[in-house]
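Heads up: the structure comes next, in structure tokens.
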Ligand SMILES: [Zn+2]
């Protein structure tokens, strides 16, 4: 029975049986016609029923009336009439009614091939491509011969169902059945191949066609346009005209995407003319509106629109989106206003366009107006409009309205939820997106593809790896085929990659059954973005080896990472691929390649590439402008900028302006700068700007306003981590072989400022958390700056000064005598310092903006005492009478104020030794000056910026940032017992998870100060610089004998004649950390005071003079007592006996007397060259008894410097004297006075008594001490370490006078002799890390000693935990952290929020091996809970890097069990 009723039912592609019955019954039951049809049916008919119904069907206007007529036909038994069948089926195809269509088809007794074709067409129309293909296979099975009409439909189904295999086999069928030359079929094949991206196959088919009509040509044009091969598309378009085929409107519309791709206004104009001449229809002109807009010429779009005789909805819609796409949001909204006013009923495209414009402007008022309009109109919002509205509210920051709107959506179904989640995700509210995702599951809705694809990026955004993983689990569990979905798979890979979880990404990537090029790109670009350039390249090669077609975004994604890593070889290689793959004409690839070359410093390559023939867009020009500016070629940047404006008639955009301004600033071309300034002002009057562009321009304009009006300087500050190896390396300063680094107290940094005046002169000052500057470091930094900026920064205007901490890793100096205890040169120490200085200068350079500088001075009494008062007393009484103290107590501070952002940093100079940490300390530390800098930067970030943040939060600008600031300080008085029990229980649920591998990045992201940083705003930089520190000790309690506790002998600092027992005591004695904190805090408080009250502004030129002087044989003119000039000489360097005795800060420093060579191979190597000084040298150095004649020892290379740099930097009335040594108090005073006098006398009124002269000690190179002639006679430690004899200071004064004269007279200083570059001669004897291991059964990061179970600590307590670890030399974790204190988030009781890291004073990272040659090692974390710590649940986490047996480095982490702080 069924077989006869439904003959097609079996063996085909059936609907379920009950559906059939229901449908049929439904048709019969719901037998109600619309009035018109009903009348027609009820009317008696004169002609045949068949004819009547054929006519009736022709008047059928929609699916429902069609269904009713169909029902009537079924009732009348006419449904199987052949002609009616075909007619019905065609109508079903028009109205996308696949079910009804199938009913007819299945009911047909002998379906003809026409009917089969029609049914396939019905499926196609309803996007049921797979069903169409199945039907085709059935057709073949039933031996129905397909005809030439069948194939175009089936090919379309193939394309629709993305079934390439089937496509190939169809092509075979076509040829086999002799349809190979059929125009329609060939066009179908072309279309299919193009849509699969195989244009070469399409072209082959096309070439073989005997007759090509316009449709075939159009298919070819469209194909090339779609795959992004615009040149070919244009070629085909031209060919077509050559062979005399007239292009129709479709040809043009197909070509438009290509023109768009090329962004060529010339082509736009050509096609525009073409269209006008041939009087094309409206759709073409609408397309042109869109095209001009996409090529950036909105004015042209507007002109076309204005000249249209007829306009339809699309014209208006095109204009609105033309405006909104180009950021002319104001105009877009204006048109919306016009349409609204004229009561034109707006269509969806127009409304969505207007909403996008409002979103873009963040104009919630306008957005609401559109929303109101929709409400007034009373139409129910469809999902696209709702989503756009929700997105608008979300992006405008009104999450409540977005949510309200969402809740208002009737039947909040899956689509609505997905829309809301995606709105939040795209509105940059990842947290809320995830929250909604969770809520959605709570209401028992199962996320679908769309939801999952839109929520995964949110996980990545906030690194919610756990949730990401659970979504992954969900996808695998529900298996709605989602596990196989390429876009979900790709989103998962991207999520893992962005969370830094490469192992999962890789695993899942390999498991994915099918991947497309986007998936591969996610992997490649993920590696690239995370800085794993090699992995990226490896994956990239793998991608090629599997024969996947690369697309341009693969290359575009890889190139920036090459640029970032300066990996020019990789860059070259990718450029090669681009050429090979024919992406030379791809604009994005070209731009990225040029950018890569420019950033790698190969500006020549970039230039050549830029000069090749390709259609350039604004980005190309901007890239080149920026490239020139960054590579120190401001003139070229300016000329190319002018070229772009004048010859190419391209309007510079925001980026061009931002890129060109530094070039003008570099040239200090104020007049040209003013031109740009007025240009910016013009831009500001254009209403078309986006709001954010407006504010950027406004600030830029403001900057130039300020520069022209009252900001006399450009200022820029920068800072970078230079913490060296925290293991095995000797500390620089005390020269105590036993003092070897084994952990971190807090991190070391290089902090820089750059100041330029309006004449373009500039100076750079770098303050280094290191014991001293090093000639070799200076040379290498200057080389790098030259490579990067040309001559902008050079030996003349760059000063690098050390703070004199005695707790930093050594081995980075040039001369032998300073390398003995570090076992020679230590490359890692050297590299991290050179890198850090360079990075801090780059940052300062990039931060250069107009601003002002204020200077302030004040006395700080309790941070330094004289440690050689007996020597000081030998200075003339008359001279001493002029000064209240026997050390300089004055701190001189510069405050840098950005014209827009306010204070951006401060540098001060104050003398006191970096010897608060003792000669037995082994933790890397910046000592008191590093501590002061850390305190002051934290003070500013936490207190000052907090105020700013509060302010901006009121403006609704950075709500996100506020919640992200880790709360590290509590103002609450905790209620001790309130929830103590619960907290203990909560803590108890977090046992130590054991060690696990991590990517390095995760460790870096835990760094507290990274999250404190406000985006777009430079960090506050505060530096505490060293001055004439020679005889100033921070151990202010005085020197005492360790055995008797009595003060040491005044003249010799000895205890019963022995120096080893005499130690200076800091204010925190006996706790050196406490002493460091107190002396640091005293400097910090004074600096804050001076910072807050600074009011004297620096005014005047920026100038500098620098020279090298050979101090080993310098003639010095001395004015004798009777006015007679005497000539004295300096001597080759030599160190006296008192040098070996050391000082009270470090008794026995450099204590390497002959014979004391135990355990130091470097000393063994060099001791044989010890030289006995000749008589001339002995006489010259009198009264110094010579211990080491270092100046005359040249093997294995120079022991001591003889050529030294001296330098004067001037910023208005501030003068900085850069000296390569430690001047004593009185020596410094004499030098300052002498230079001051010389400047006033020679300066023609430029300088007066209100000048501020500071000494920057230990700058550019190092040559130990400089005392006065009188102090030299006493031969204390400082006198014995004054290398070049009694007249060393006089030599300095004489040479500085020359520099001062050169400065006032405007003449250059003589460059002097060049110091040697001894890098290639350096000898390193420090053994490398061989391998790291853990005891059997443990892994890296596992606990060695956990915190006690159920522990609870009070503030002031110390928490200790130790982990199995590896040597910190494997990775210095620069800008990262070895140790973190994490606090359990109170909001979710799940997330661990970093609260303190190894840059915090209260957290110490200690590292050690059980024995010297053990491969095992452990890391101990000690947290001293501060009084203002926030109560809660905490844990200690350690990050490290282990070296495997084959030398590869693997990062790991581990955490202690949780504990409570009350
Ligand atoms: Zn010193």
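Each Cβ is built from the backbone N, Cα and C atoms, and glycine gets one as well.
Automatic prediction, not curation, is the source of TrEMBL annotations.
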Same-site Zn(2+) binder from 738, 843, 846, 1222, given that TrEMBL records 804, 913, 1265: 1222
Counts by DSSP class (helix H/G/I, strand E/B, coil) across the repeat 'PPR' (182-212): 23 helix, 0 strand, 8 coil
Nonlocal residues around residue 913 (Zn(2+) binding site), in sequence order (Cβ under 8 Å, 6 or more apart): 804, 806, 864, 867, 1029, 1032, 1033, 1034, 1145
Sequence-ordered recorded positions from 1033, 1222, 1265 with Cβ under 6 Å of an atom of ligand 1: 1222
For residue 804 (Zn(2+) binding site), the number of other Cβ atoms found within 10 Å of its own Cβ: 28
The repeat 'PPR' (516-550), counted residue by residue under DSSP: helix, strand, coil: 26 helix, 0 strand, 9 coil
Number of Cβ atoms other than its own within 10 Å, given for residue 1033 (active site, nucleophile): 24
Residue, out of the binding-site residues 1222, 1265, whose Cβ gathers the largest set of other Cβ atoms within 10 Å: 1222
Distant-in-sequence neighbours of the repeat 'PPR' (516-550), which means Cβ under 8 A and at least six residues beyond its ends: 197, 486-487, 489-490, 493-494, 497-498, 500, 502, 505-506, 509, 557-558, 560-562, 564-565, 567, 570, 573-574, 577, 581, 999, 1001
Env. residues of Zn(2+) site, Cβ within 8 Å of mean position of 804, 913, 1222, 1265 Cβ: 1026, 1029, 1030, 1032, 1221, 1257, 1258
Helix, strand and coil counts within the repeat 'PPR' (213-247) (DSSP): 26 helix, 0 strand, 9 coil
Counts of helix, strand and coil residues, the repeat 'PPR' (617-647), according to DSSP: 26 helix, 0 strand, 5 coil
